[in-house]
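Colleague: Before I ask anything, here is the structure I am working with.
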Amino acid sequence: AAKYCKLPVRYGPCKKKIPSFYYKWKAKQCLPFDYSGCGGNANRFKTIEECRRTCVG
């Protein structure tokens, strides 16, 4: 798995609500969240499939 899969979810400081997914390391699964459109980190994916491919293996 990529190193950034261990990063905590970061919504960012902006006001948008962009449906996204992040990998929750302790739960070993990809979960949905609303990205704000700016800021955040690399633990953010457009689809659950992309999240699983990158972080689950």
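Just so it is clear, glycine is given a Cβ too, placed from its N, Cα and C backbone atoms.
Relevant sequence annotations retrieved from Swiss-Prot are reproduced here:
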- CYS5-CYS55: disulfide bond (DISULFID)
- CYS14-CYS38: disulfide bond (DISULFID)
- CYS30-CYS51: disulfide bond (DISULFID)
- 5-55: domain 'BPTI/Kunitz inhibitor' (DOMAIN)
- LYS3: site 'Important for binding to potassium channels' (SITE)
- TYR4: site 'Important for binding to potassium channels' (SITE)
- LYS6: site 'Important for binding to potassium channels' (SITE)
- LEU7: site 'May be important for binding to potassium channels' (SITE)
- PRO8: site 'Important for binding to potassium channels' (SITE)
- ARG10: site 'Important for binding to potassium channels' (SITE)
- LYS26: site 'Important for binding to potassium channels' (SITE)
Colleague: Which residues of the same chain, at least 6 positions away in sequence, have a Cβ lying under 8 Å from the Cβ of CYS5 (disulfide bond)?
Modeller: TYR23, TRP25, ASN43, THR54, CYS55
Colleague: Long-range same-chain neighbours of LYS3 (site 'Important for binding to potassium channels'), Cβ under 8 Å, sequence gap at least 6?
Modeller: none
Colleague: Measuring Cα to Cα, how many Å separate CYS38 (disulfide bond) from TYR4 (site 'Important for binding to potassium channels')?
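Modeller: Computed Cα spacing between CYS38 (disulfide bond) and TYR4 (site 'Important for binding to potassium channels') is 17 Å.
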Colleague: Which of the three DSSP-derived classes (helix, strand, coil) applies to CYS30 (disulfide bond)?
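Modeller: DSSP call for CYS30 (disulfide bond): strand.
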